[in-house]
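> I am attaching a structure below and will ask some questions about it afterwards.
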Amino acid sequence: MEYRNLYVGPEFYGELLQGCVYERDLQLGQQIHSKILKKGDFFAKNEYIETKLVIFYAKCDAFDVSNHLFRRLRKQNVFSWAAIIGLSCRMNLSEEALWRFVEMLENGVLGDNFVLPNVLKACGALNFVDFGKCVHGHVCKFGFEDCVFVASSLIDMYGKCGVLTDARKVFDCMGERNVVAWNSIIVSYMQNGYNEEAIGVLYDMRTEGIEPTRVTLSSLLSASANLCALEEGKQAHAISILSGLDLDKILGSSLINFYAKVGLVDDAELIFDRLIERDVVTWNLLMSCYVQSGRIDKALSLSCLMRLKGFRFDSVTLSSILSASADLRNLKLGKEGHCFCIRHNFDKDVVVASGIINMYAKCEKIPDARRVFDYTKEKDVILWNTLLAAYAEVGLSGESLRLFYQMQLYGLPQNTISWNSVILGFLRNGQINEAIDMFSQMKAVGLDPNIVTYTTLISGLSRNDYSSEALTYFKKLLQAGYRPNSASIVASLSASINIASLHHGRAIHGYILRQKISLSLPVATSLVDMYAKCGNLNYAKCIFNLIPEKELPLYNAMISGYALHGCAVEALALFKRLCKGGVEPDSITFTSVLSSCCHAGLVKEGLAVLYDMVSLYNMKPSLEHYGCIISLLSRCGDLYEAMQLIQKMPFKPDANVFESLLVACRELGETQLEEHIANFLIIMEPDNSGHYVSLSNAYATTGRWDEVSKLRDLMKKKGLRKRPGCSWIQVGTEFHMFVSGDRWHSHIQEISTILALLDREMQLTRLSFDS
């Protein structure tokens, strides 16, 4: 047109700049800008051209140039404001975007359907729900609520701020909904942990005939992964295939993540192999999948392949490799990963530094973990918490508490994870009162304990024999409105076992049934163990039979229950069933089976099990296994064979082995051997009063009363006393403990009277039978 001397007005240059906006062609746009300047002020100072230049540079993310031109505008209209606010949002300058919106309103320019979505996006990014509600008022006042893009942005803002009721209200009030609006409400539900609701909305969307996009299906896959909902995730995969959606990086990554979370590693591999294009994210996802499923060798092989394909490791890749080293307790591999991080300047990255600290902690190299922490200059809360957790795991409660207070000195706010680590450190070190005090302080500073806090406390109390207190905190967990997870349920059932409280165990089982909590393998195993150890073997069998796919821990719990109740035939039958089902038995399995044979006196069967353990399963018997066989031989009167086995076994015998022989000697009247073993036990454990009592009984049996008297004098001189027997019963919710010779119970008079009456009645009954 210029060559033919045709007139080219400002509007032509405006259209050319708009073309550059569509193509995001900064270089060509700069050439057009140069030509406009050469044309003189009539073109350069044209309001339309000035606005177009601001929009062009803003869309090309040229922040400084766009800002400069914007401030030089003689008239800032809604289009230039929309461009500059949108630029601030894209540059993650959300606060600046909101200040510019306020400035725009003060200048008398009202927001439109281009400005408002960006402003709402900034509110969501900053979690400024109050500001967002003010913008919502602006939307309603000026009639933009019918614009589908503004309404979708409102849903997204409320979702990011966690106000899902308002997000849903906006969605329900929309007259017209496109796929963007549906995606906004689905993503909002999913990001706030309402995964089931997100899946439900997707079904509604399909019912209304709206075709899902990649964003929709990615959100559904994420929700399915969070719920471990296999069927729903597979449906999303099927929809993507039926819709003809290519396996790009977004959809492919979501599918790999889903299959990894539900434990279908082979399917995750298939998706990875079929991806059109792979990036570092997809490689990292599959590597993380291998690490989480325990396939560490495959994870390391994949990292080598990733390097061969020309992909550079990022912080996520290195974190996975360090996590693999930690899981394997492979210090050599961990150190190699650490050296790689140093060579490629990753060691200053807080995510990688956390992985290095965790690796050294898992490899029990706490001083090395501390050195890495001290070397890292930019420390965030996650890094502090990683070292806190390292100290806590090994019971260094003093170090964890000192580090906890150092966080305050550095101005870092301790979060729930920080408090949980300190509580765990105290519990690991057996400092129960300090752990409970820390729990109370946590509530006093206004920080609510979460499900992990309660679970940590319940587990720690149960492990430290504070079982009644553990059950009390389980009740408090329920009162706080939390739904217990499998770890808290297992810990509470363990506490019930410790105090042999069938009442509490059944109450927990009742809660599981009422709340329709799924019987996961750990929960089912704990229930079987609880019922068996609390005296109800039939209930244990019922729970065992309810689980369709049984794994080794469940078998072990049931076999142990049979052994405890003297049901050797049933224990052996279940053991054979386990082996035929292709389940590999472990050391615990053989201990339980041998124990059941020992209780029933099944010598032949017990020796056969030991033979299978060595020949079929290539397992070396431990001292505990030998102890079971020695006890079995002893109880059946084969003392000579038992002594021979003690001499031949590859372990130095402990006191438990000889104690089983001692009991058998007493029962069989082998006084001389009993005396010999008792003397030997006294040499092994000189402070164990039980051994002195056994030797005293041996002397008394042979009428050597002088020796008995000397032995009792020796016990007095050493300050040793026979450990009194102890038993307890539960009446209602109250426990009553009785110790042999104890007269301190509050109801001792009534108890003694009843016992005297019962004794008298038994004597009269015996006399009547004799007559």
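Placed from the backbone N, Cα and C atoms, the Cβ positions cover glycine too.
According to TrEMBL, the feature repeat 'PPR' maps to 178-212, 279-313, 380-414, 415-449, 450-484, 551-585, 586-621, 688-722.
Set these features in their place in the structure for me.
Within its own chain, the repeat 'PPR' (178-212) is flanked in space by residues 148-149, 151-153, 155-156, 158-160, 162, 164, 167-168, 171, 219-220, 222-224, 226-227, 229, 232, 239, 243, which lie at least six positions past its ends and keep a Cβ under 8 Å from the stretch.
Summarised as a single figure, the pLDDT of the repeat 'PPR' (279-313) averages 86.
Beyond its flanks by at least six residues, the repeat 'PPR' (380-414) meets 350-351, 353-354, 357-358, 360-361, 364, 366, 369-370, 373, 421-422, 424-426, 428-429, 431, 434 of its own chain at Cβ-Cβ distances under 8 Å.
Cβ atoms under 8 Å from those of the repeat 'PPR' (415-449) belong to residues 381, 384-385, 388-389, 391-397, 399-401, 404, 407, 456-457, 459-461, 463-464, 466, 469, 480 of the same chain, restricted to positions at least 6 beyond its ends.
Same-chain residues lying 6+ beyond the ends of the repeat 'PPR' (450-484) with a Cβ under 8 Å from its Cβ atoms: 416-417, 419-420, 423-424, 426-428, 430, 432, 435-436, 439, 442, 491-492, 494-496, 498-499, 501, 504, 508, 511, 515, 517, 735.
Note on the repeat 'PPR' (551-585): residues 521-522, 524-526, 528-529, 531-533, 537, 540-541, 544, 592-593, 595-597, 599-600, 602, 605, 609, 617 of its chain, located 6 or more positions outside it, place their CB under 8 angstroms from a CB of the stretch.
Under DSSP, residues within the repeat 'PPR' (586-621) fall into helix, strand and coil as 27 helix, 0 strand, 9 coil.
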> If you run through the repeat 'PPR' (380-414) with DSSP, how many residues end up as helix, strand and coil?
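Residue counts in helix, strand and coil order: 26 helix, 0 strand, 9 coil.
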> Could you count the residues of the repeat 'PPR' (551-585) that DSSP puts in helix, in strand and in coil?
26 helix, 0 strand, 9 coil
